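Quick look at what TrEMBL lists:
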- 1-126: region 'Disordered' (REGION)
- 8-30: compositional bias 'Basic residues' (COMPBIAS)
- 38-64: compositional bias 'Basic residues' (COMPBIAS)
- 71-80: compositional bias 'Basic residues' (COMPBIAS)
- 87-98: compositional bias 'Basic residues' (COMPBIAS)
- 114-124: compositional bias 'Basic residues' (COMPBIAS)
- 141-423: domain 'ABC transmembrane type-1' (DOMAIN)
- 173-193: transmembrane segment (TRANSMEM)
- 256-275: transmembrane segment (TRANSMEM)
- 281-300: transmembrane segment (TRANSMEM)
- 357-381: transmembrane segment (TRANSMEM)
- 387-408: transmembrane segment (TRANSMEM)
- 427-454: region 'Disordered' (REGION)
- 463-692: domain 'ABC transporter' (DOMAIN)
- 677-698: region 'Disordered' (REGION)
Amino acid sequence: MAAPATGPHRRHRRRERPPRRPARRVRPRRRQGDRGRPRPRRAPPRRRERRRALRRRGRPRRPRPAPAARRPPRHPRPPPRRADRAPRRRHRARRPRIPRALPRGPDRPDRLPPRRGARDRRPRGGLVTTWRNPIALRLGLGAVLGALAQLSALGLLAVSAYLVSRAWEQPPILYLMVAITSVRALGIGRGVLRYAERLVSHDAAFRGLERLRIAVWRKLVRLAPAGVPVWRSGDLQARLVDDVDGTGDRWLRGTLPLASAIATAAVAVVLQTAILPAAGAVLAAALAAAGLAGPALASWSSRYAVRATAAERGDLTEHVRACLHGREELVAAGTDAVALARALDVDERLRRAHARIAWSAGLGQAAGLLALAAAVTGALWTGIPAVAAGTLDGVLLAVLALVPLAAFEPVLALPAAAQHTAAAKTSGRRLLEITQTPDPRPDPVEPMEFEPNPLGGPPYIEIKRLSVTWPGADRPALSGFDLKIQPGERVAVMGPSGSGKSTLAAALMGFLPYEGSLRFGGVELAEYDGDDVRRTVGLCSQDAHVFDTTLAENLRLARTGATDDELVRALRWAGLRDWFDGLAGASGGSVAGGLRTRLGEHGRAVSGGERGRIALARCLLADREVLVLDEPDAHLDAATAERVLRTAAAALEGKTAIIITHRPLPDGVVDRTVRLEPPVPTPRDAPLSSLLDLAPRG
């Protein structure tokens, strides 16, 4: 028996078995579309015959060099794919994103480190920041398109004037083909460019309004829980809607018309000067007078009316909102005629302000029209003698007379643009009053990760010498309060009206600043972000709002993805089982039909007690670790209140609950009761008038 082969000739032993004759390879027929393509390169015929003969004889091939001697490939191939794996898709490697679900803290970086060789994309200010801002880029593109549209109108009028004058001389038609084609192109281009300018500029303006409205709304969300002491509800609505919309007019009706007017005026003056220098000088003077005097006159004459319009609009919105909200009381008291007369008075003042603005705009338009008449007259005054002297072709006289008409078209819109700019500035100042208002309870610069109980479950709450003052008040509504709550404990806070019970609830939610110590899990509440606190602490306010929508939508405000069974269970926890069974029975015994019942504006379709229990069901559905219930037994009789509190206590098993109430609770509902007394007034607050003026907010 021969020894096994070793070394590079080992594989030659495998080929000693009888060779198999290879199957005949059928050469593919070339298609008609492949005639121009080169065929694959093949070995010469003699070499192919020699290879076939070697295969028939069974002789081994010439050994290849060892793998070490081979040159490594420049791009190594990936490992072979297994049969059970799906084919890989070729795509560019993406950087991992920071998951939003991670809590804030040292383990969650604000941004990933830059890639190797990546460009620095941080804003550097100036032109770089402007061109990287999509809104600024769209506004700039809109200004360019608007200027091109006005220039197309200018060229259309000038070429049309030349074409009509030149056609009067009856030249060969070929001499007019360029002018005819230019008129067609400029006429079509004017409409297309104007449409593109409107599309791009309005898209940019709406994007900016969206960002501004969201920013103002987020600021109001930060201010509203602590109360907005300066502005009324109607005034806030006018600022959030009308003033935000008015701010967008600064770009659409102020900046863009100014850019178009400057570009058109410059090209028109250059064109007039090229035709006749004296006519160009007259046109430049007229455009300067109209572009400066008209807007200045309109702005000066309407400065007081523009400021009064925003204030009167806010007053009218507030008055109409108050009348609609209390329409039943106004009719019952017989004061609806007085309320209507006051609304008409405010509307009359608003009408006068708008009339003054329109009169001022007309004054600016009149100044522009006078300048236009002077420009046309000056062009004819200088052009006719030049034609008579032979220094100017008569065909161009019509161009001199019609170019000012196209040049003044955007200039005549500048007085209205100046008024829109002034109104936008007034709206911007009103919005800045909101955005620059300091937060009642500012969040820390580097908030800690909210983990009051690392082992899970409700946290340990410790309150020492707590003092809380509402914004705008001269004295604290809650002073020197101490309380310790163990995890999972239910505590009742009882006290008279004005003792600071609602103030305590607002402080626990992180709505108000405080003095003293308020710790969750051993860490001060001020060290946490307010939004993180409210993800753990839930509040059922005594004046919770019920929206004019279905019962299911009102409950799903607490949890968006709640099922119908979870909604029904929350209603039963709040003591609304019989009431909901009646709704379902009225809908043919359907649970979904009962949940689709509309509650009316401010919950007018239900009673006060049912409205409070719907708010309680919404709070229980949120499933927070700590719940603050502000008078859940309000508007209820003793028997119903006891039943509601006992069913709610069963749902609060294992959670920390702080129940604020005016009367003692039934046995077994809470673990203990804490008495809260109102702050003791100081000697300087002894007079009755001072006590009435500085009544604490409870």
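Positions of Cβ are set from backbone N, Cα and C atoms, glycine also.
Unlike curated records, TrEMBL annotations are generated automatically.
Between the transmembrane segment (256-275) and the stretches 281-300, 357-381, 387-408, the greatest number of Cβ pairs separated by less than 8 Å involves 387-408. Secondary structure of the region 'Disordered' (427-454), assigned with DSSP and counted as helix (H, G, I), strand (E, B) and coil, comes to 9 helix, 1 strand, 18 coil. Outside the transmembrane segment (387-408) by six or more residues, the chain places 150, 153-154, 156-158, 160-162, 164-166, 169, 264-265, 268-269, 271-272, 275-276, 279, 283, 286-287, 290, 368, 371-372, 375-376, 379-380 with a CB less than 8 A from a CB of the stretch.
Restricting the average to the domain 'ABC transporter' (463-692) gives a pLDDT of 82.
Cβ atoms under 8 Å from those of the region 'Disordered' (427-454) belong to residues 103-105, 107, 212, 215-216, 219-220, 222-223, 225-226, 230-231, 236, 239, 242-244, 246-247, 250, 310, 460, 471, 487, 510-513, 520-523, 526-530, 532-533, 535-536, 625 of the same chain, restricted to positions at least 6 beyond its ends.
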